[in-house]
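**Q** Okay, so Swiss-Prot annotates it like this:
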SIGNAL    1-26  signal peptide
DOMAIN    28-76  domain 'UPAR/Ly6'
DISULFID  Cys29-Cys53  disulfide bond
DISULFID  Cys32-Cys41  disulfide bond
DISULFID  Cys76-Cys98  disulfide bond
DISULFID  Cys99-Cys104  disulfide bond
LIPID     Asn105  GPI-anchor amidated asparagine
Amino acid sequence: MSSLQAMKTLSLVLLVALLSMERAQGLRCYRCLAVLEGASCSVVSCPFLDGVCVSQKVSVFGSKVRGENKLSLLSCQKDVGFPLLKLTSAVVDSQISCCKGDLCNAVVLAASSPWALCVQLLLSLGSVFLWALL
């Protein structure tokens with residue numbers, strides 16, 4: 001085997017190894033809590049072997065107050081309630097979507113409301129409930 005063939009073989013093996021390492025790191029998801037318009041999210045590797053990326057859109061009082069959580073979970077939990085909000089008679093709509101592709105939870109929900117601080121609190125509570133389901 002000539003040194004040129006050996007170099008080509010070594011390069012091919014190295015390329016395959018590098019491509020495999022990227023996939024071995026697992027699913028990558030956006031992660032942020034209480035996202036409002038213009039906020040950015042960090043990219044994290046999902047710690048779960050067969051996890052999912054999650055995007056939770058929350059609107060309070062109809063569409064006046066809106067925001068979003070993004071994270072990774074072990075499995076898709078579509079039925080997340082807000083038990084503390086039942087005491088306040090707030091109308092809360094939560095939509096959860098799950099996906100399994102890298103950075104697939106990228107869609108950001110726009111927000112335009114003076115109730116932004118209220119949404120941040122509600123979204124933080126919603127994300128705590130999501131994590132508690134694990």
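Placement of Cβ uses the backbone N, Cα and C atoms for every residue, glycine included.
Not measured: the values here are computed from a predicted model.
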**Q** Given Cys104 (disulfide bond) and Cys53 (disulfide bond), what distance in Å do their CA atoms have, once rounded to a whole number?
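**A** Roughly 7 Å, rounded to the nearest whole number.
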**Q** So which of the disulfide-bonded residues is most packed in, judged by how many other Cβ atoms lie within 10 Å of its Cβ, out of Cys29, Cys41, Cys98?
**A** Cys29
**Q** Averaging the per-residue pLDDT over the domain 'UPAR/Ly6' (28-76), what integer do you get?
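**A** Summarising the domain 'UPAR/Ly6' (28-76) by its mean pLDDT gives 84.
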**Q** Is any of the disulfide-bonded residues Cys32, Cys41, Cys53, Cys76 within 10 Å of Cys99 (disulfide bond) (Cα-Cα), and if so, which, in sequence order?
**A** Cys53, Cys76
**Q** With Cys98 (disulfide bond) as the reference Cα, tell me which of the disulfide-bonded residues Cys29, Cys32, Cys41, Cys53 is the closest one.
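**A** Given the candidates Cys29, Cys32, Cys41, Cys53, the nearest one is Cys53.
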**Q** List the Cα distance (Å, whole number) between the residue listed as 'GPI-anchor amidated asparagine' and Cys53 (disulfide bond).
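**A** Roughly 6 Å, rounded to the nearest whole number.
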**Q** For Cys99 (disulfide bond), just count the other CB atoms lying within 10 A of its CB, please.
**A** 16
**Q** Would you mind ranking the disulfide-bonded residues Cys53, Cys76 by how many other Cβ atoms sit within 10 Å of each Cβ and giving me the lowest?
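**A** Fewest other Cβ atoms within 10 Å, among the disulfide-bonded residues Cys53, Cys76, is found for Cys76.
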**Q** At the level of the C-alpha atoms, what whole-angstrom distance separates Cys53 (disulfide bond) and Cys32 (disulfide bond)?
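**A** Here the two Cα atoms are 12 Å apart.
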**Q** How many whole Å apart are the CA atoms of Cys32 (disulfide bond) and Cys76 (disulfide bond)?
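**A** For Cys32 (disulfide bond) versus Cys76 (disulfide bond), the Cα atoms are 17 Å apart.
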